[in-house]
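Read through the structure below, which is laid out as structure tokens, and then see the notes.
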Amino acid sequence: MQKKYVVALDQGTTSSRAIVFDHDANIVSVSQREFTQLYPNPGWVEHDPMEIWASQSSVLIEVLARAGIHSDEVAAIGITNQRETTVIWEKATGKPIYNAIVWQCRRSSEICEQLKAQGLEEYVRENTGLLLDPYFSGTKIKWILDNVPNARAQAERGELLFGTIDTWLVWKLTEGKVHVTDPTNAARTLLFNIHSLTWDNKLLEALNIPLSLLPEVKPSCSVYGTTRIAGEGSEIQVAGMAGDQQAALFGQLCVEPGMAKNTYGTGCFLLMNTGTKAVRSNHGLLTTVAVGPKGEVNYALEGSVFMGGATIQWLRDELGLIRDASDTEYFASKVADTNGVYLVPAFVGLGAPYWDPNARGAIFGLTRGANRNHIIRAALESIAYQSKDLLDAMTKDSGVSLKRLKVDGGAVANDFLMQFQADITDVEVLRPSVCETTALGAAFLAGLAVGFWESVIELEHKACIDKHFIPNIDAETRVRLYAGWQDAVARTRA
């Protein structure tokens, strides 16, 4: 039977999805299932790894059944995943010894402080590109080994395996035959040397983590094993995987140095490909691993802001100013400007490039003439201002002045936000026709790995732009508006 499709498994923080793409990179079928969020203590976040697998395997079966696609027609399955989330399971039984500790979980803060006290902060920064923060997997692994009864003894005997979610899914898909990760996910563990592309012995020793626990690191664009859908039909190759933000970067075909994308979700993630050079940030960004045009390792600068779409949710759920996120464009467009109002959504502090956990949200510039439309417009503009903060930091670090920014995520449907993003950055903003770029990136990697597509050049002919947003304000206005934003941010940090 002819191979007509590639399936992307998109395992996210709140739901598992499966998306079928055809040879023209069009979406054929989508299936999605949410799963339980667990909050056992303040600041702790967990998932049940078996529920993640149950939700992911069920949507894989469902997405094919819904479109009437036979497993023989599927060329490959690609994987993209929430990064950093940590699972440890028994090699012999496949049973997790503890819930997955989610990237948002802060329980390992004390371990990070211990590493800082040991003088490891600069070593971590130089060799992993990351900050010493509970966000990343390494300290989560140590917490499990230290706190789950018998875990450390089992680990020392080589009876346990660790994986981020990509590794866990491949292990389950291949029925325990393959224990593997890719460089983009390995680079988020705090244990991976991004220069030698190997696990870092000094950090493993500092965290007391046995090497036997860790998966083999294989290229993002390669075949890892095979699986059968529900144990039936012919075997399908499991091929191609990347962490969610790197998958989106590849899905946008940002495979050359200086190309960048911004994902507008709950927060915003801006990544710029820096090619074969790992650029160290001096402006609050992370250095991470990306995927090059032939599936090889490239590097990227990454900046994240905590409050993107979450700011709009706040307008809806807490203030009641809108009924639906899509209402914001209508209200923002009813006024010519914000009437001097700036909203700084530092509800949980500020992310990159400030990294200020003590900053708090505020609305500045309120006068008697300020109304709902001005506040809604200021909320939308805050998303673009924060993205400009990241873009300016990237320009300083990389020496590359960006001319075009590719965008994806739910908020890119908002034309007002996209136009203001172009205006305030003085950069052309490109919105793709297929906004599911994270899943598309996983599909591209899988398809390239098995020869479903020949090269990135072929893929470029399939990537269509829905709309170009061209900067449309003068330099003087741009400088004045951004100066107002910078002043507002400074006051939230005072």
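The backbone N, Cα and C atoms fix where each Cβ goes, and this holds for glycine too.
Quick caveat, the model's predicted, so the values are computed rather than measured.
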> Thr13, Arg17, Thr266, Gly410, Asn414 bind ADP in Swiss-Prot, but which of Gly225, Gly309, Gly369 does that record place at the same site?
Replying inline: Gly309
> Taking Tyr5, Tyr135, Tyr299, Tyr330 as the options, which does Swiss-Prot list with Arg83, Glu84, Asp244, Gln245 at the glycerol site?
Replying inline: Tyr135
> Max Cα distance spanning Thr13, Arg17, Thr266, Gly309, Gly410, Asn414 (ADP binders), Å?
Replying inline: 24
> Out of Gln245, Thr266, which of the binding-site residues has the smallest number of neighbouring Cβ atoms within 10 Å?
Replying inline: Thr266
>> What whole-number Å value do you get for the CA-CA distance of Thr13 (ATP binding site) and Glu84 (sn-glycerol 3-phosphate binding site)?
In response: 11
> For Thr14 (ATP binding site) and Arg83 (sn-glycerol 3-phosphate binding site), what Cα-Cα distance in Å is obtained after rounding to a whole number?
Replying inline: 13
>> Between Gly309, Gly410, which of the binding-site residues has its C-beta surrounded by the fewest other C-beta atoms within 10 Å?
In response: Gly410
>> Looking at the binding-site residues listed here (Ser15, Arg17, Gln313, Gly410), whose Cα lies nearest to that of Tyr135 (sn-glycerol 3-phosphate binding site)?
In response: Ser15
